[in-house]
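Some features that Swiss-Prot has for this protein:
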- 149-169: compositional bias 'Pro residues' (COMPBIAS)
- 56-132: domain 'Lipoyl-binding' (DOMAIN)
- Lys97: N6-lipoyllysine (MOD_RES)
- Lys194: N6-acetyllysine (MOD_RES)
- Ser196: phosphoserine (MOD_RES)
- 145-176: region 'Disordered' (REGION)
- 228-256: region 'Disordered' (REGION)
Amino acid sequence: MAASWRLHCNQPLLRYLLGFSSRRSLGLAQGAAAWPVDRGASWRWFHSTQLLQADPIKVLMPSLSPTMEQGNIVKWLRKEGEAVSAGDSLCEIETDKAVVTLDANDDGILAKIVVEEGAKNIQLGSLIALMVEEGEDWKQVEIPKDVSAPPPVSKPPAPTQPSPQPQIPCPARKEHKGTARFRLSPAARNILEKHSLDASQGTATGPRGIFTKEDALKLVELKQMGKITESRPASAPPPSLSASVPPQATAGPSYPRPMTPPVSIPGQPNAAGTFTEIPASNIRRVIAKRLTESKSTVPHAYATADCDLGAVLKVRRDLVKDDIKVSVNDFIIRAAAVTLKQMPGVNVTWDGEGPKQLPSVDISVAVATDKGLITPIIKDAAAKGIQEIADSVKVLSKKARDGKLMPEEYQGGSFSISNLGMFGIDEFAAVINPPQACILAVGRFRPVLKLTEDEEGNPQLQQHQLITVTMSSDSRVVDDELATRFLETFKANLENPMRLG
């Protein structure tokens, strides 16, 4: 095929052939200034290998949460050359909060996967794939030259042979004839070593054959009288060391104590003192960063109260009879939402400059996942009933554990609740999740005997089901007096479920 052709045509026809009716420019100038020729002019143009190759559509690493700085490519859901429509899923991206599906914004063909699945720490805005429009030759797409090479997919490090560790020999023992027949007291041992004497030169007079301090002093007197001589072992040349060893490590007493084993080289298998580095996921790094910032910058104050669940448990049993299944935690969420509606001064956040009053009560509920703790949000919880809250918690908890939460389902919130009661914890204090001002930590409910009065005023013992709740509050926004009144109101609402209607 010839490399070029000569085409004679008029201006409107040439515009049509060159595709200026499409949405993409082919690299030629547009407008009247670009067409300074009249009818019948002669044009030279190249065939499709040069002219019809349009710029590809770039797929960039998106920002899927306010705190996201990097992302990991978990899995590509489409293959190169596969047609996609707007809204189709392209890949799964692990953010600092969850695993989110990235959807296509345009119709076209996935032409080039730039960043392979499994790649980690991809910066926001980095090129991860290229697409072309339908009908274009996707095989001809090349990665732009200004794009840096994608980071390599992290692979587990190959096992390496441990480097030989310098062997530190134990101090040489002095040989003492018959030492095995004697059990030396500590004082006797020191005296014998100091005067270079051997216990076999004397007689043990202590209980159970122990060579005592007095026995050692008798040997010293005999030595001074010249009746016995020093007992020194023949000196042996010091062993050669492959590495420099401190002098104190080569010299020791005649009766050495066990030496502390040296710390081994990190990564050396099956050696004392070794450790294994655990790769931190994006979620774990963000959790560590935010909790550290919270404890170091937010002045935490704590208030604790015991709540009687007797009435709640009775209502719950009545609901079960009507096949309505709700948990104690659902009642706690509802009670917190009602209390926040009654006391809007607690439904605030701190943005660094001052408090912000929030119009909606959005409660973040802590959910434990394999990758860490995440807090999906019950939006406008004060306007929802118990059963509606229970349904929302079930759906969001499942999505959180499956890593399918959307960013809007865990970003924001005005108040947090963390419940460890199912793990048998009586009470604990939780760390505030900035910019929120408070978090409520809930323990397990437990039976407690309390002395009460019957209708006639007679004292009697009754069993009560109590839970302990501890509220951590930001003292910059919620002072101790306000936190105390909030807990009092919360306790009253929870112990009287009729108030939660």
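Each residue, glycine too, has its Cβ placed from N, Cα and C.
Ranked by Cβ neighbours within 10 A across all protein chains shown, the modified residues Lys97, Lys194 are led by Lys97. Mapped onto DSSP helix, strand and coil, the domain 'Lipoyl-binding' (56-132) counts 0 helix, 38 strand, 39 coil. Confidence over the domain 'Lipoyl-binding' (56-132), given as mean pLDDT on the 0 to 100 scale, stands at 87.
Within 10 Å of the C-beta atom of Ser196 (phosphoserine) sit 14 other C-beta atoms, taking all shown protein chains into account. Lys194 (N6-acetyllysine) carries a helical DSSP state (H, G or I). The separation of the residue listed as 'N6-lipoyllysine' from the residue listed as 'phosphoserine', Cα to Cα, is 70 Å.
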